[in-house]
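Novice: Have a look at the structure that comes next, please.
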Amino acid sequence: MRRGWKMALTGGLRCCRRVLSWVPVLVIVLVVLWSYYAYVFELCLVIYLTLYHAIFVFFAWTYWKSIFTLPQQPNQKFHLSYTDKERYENEERPEVQKQMLVDMAKKLPVYTRTGSGAVRFCDRCHLIKPDRCHHCSVCAMCVLKMDHHCPWVNNCIGFSNYKFFLQFLAYSVLYCLYIATTVFSYFIKYWRGELPSVRSKFHVLFLLFVACMFFVSLVILFGYHCWLVSRNKTTLEAFCTPVFTSGPEKNGFNLGFIKNIQQVFGDNKKFWLIPIGPSPGDGHSFPMRSMNESQNPLLANEEPWEDNEDDNRDYPEGSSSLAVETET
């Protein structure tokens, strides 16, 4: 009886958590809908409406794609078979378990390791993690090329939707900037007492305040992710240096500026600004700089970071504003 109550309570808490996780998304949607109403129907800036709607459509489109593009998980070949899982769980000697994972990893395109040099293994999903894959404790699954879990889209940002997330940030910045610049003239009229409508005064003040507030925070976040893309890093890799079979290497995935951008947006520049198509590749393996080049101090852009993090930790829920998810 007591066990049944515990299970019911756990299920109820899990359900509440799922409902509450949509609150940040609902806040953003309500703010955007209000900004649309205030800009189009209250201020009615007719000469600005054409360009405004073009930006608004791309902003809403990329936001939708960021929310509803499901994170991609490792395919079946990275999961332990039933027999291997039984052998691994029944083995009590850690050194034997470690060797078992090493033997299994030899058949897979896996080149990264934990901080201690062991094969990266998820004991929750029972799989050998592909390179750049991490376990998200919020989504309760391993995500390919995980960047972070973003509560503002209630989704995990990774290989399947990182392109859409960057486009969403770009159009968000453009949306806020456009509103702020076009509403500023009405803000001047407000101070001069040239706005007779009380409702117009409220919308002008609040529109300008909200647009400027979001613009500043979004510019910082977008600039940070542009830097990450230029170095072919994820947020997790920026805070915790990837460890390869040859050792820690900060620039192991850095292919050069143009190729780094293509790794996210693809080779066809016509689709760089349109949320169509995923990033190139399968998300399980990625091109790397040769170890000889990356270890040459004359060719490497930066000195290797010290590796002071282990790869087997839990990443709690974070925000998209530079918060880092922790891996299991």
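Keep in mind that glycine also has a Cβ here, set from the backbone N, Cα and C atoms.
Annotations in TrEMBL come from automatic prediction, not curation.
Marked as compositional bias 'Acidic residues' by TrEMBL: 303-312. For 318-328, the entry in TrEMBL reads compositional bias 'Polar residues'. Residues or ranges marked as domain 'Palmitoyltransferase DHHC' by TrEMBL: 120-238. Residues annotated as region 'Disordered' in TrEMBL: 285-328. Residues annotated as transmembrane segment in TrEMBL: 20-39, 45-64, 168-190, 202-224.
Give me the local environment of each listed feature.
Specialist: Remote same-chain partners of the transmembrane segment (45-64), defined as residues 6 or more beyond its termini with a Cβ less than 8 Å from a stretch Cβ, comprise 28, 32, 36, 39, 153, 164-165, 167-168, 170-172, 174-175, 178-179, 182-183, 186, 273, 275.
Here the transmembrane segment (202-224) has Cβ contacts under 8 Å with residues 31, 35, 38-39, 42-43, 166, 169-170, 172-173, 176-177, 179-180, 183-184, 186-187, 190, 195, 320-322 of the same chain, all six or more residues outside its ends.
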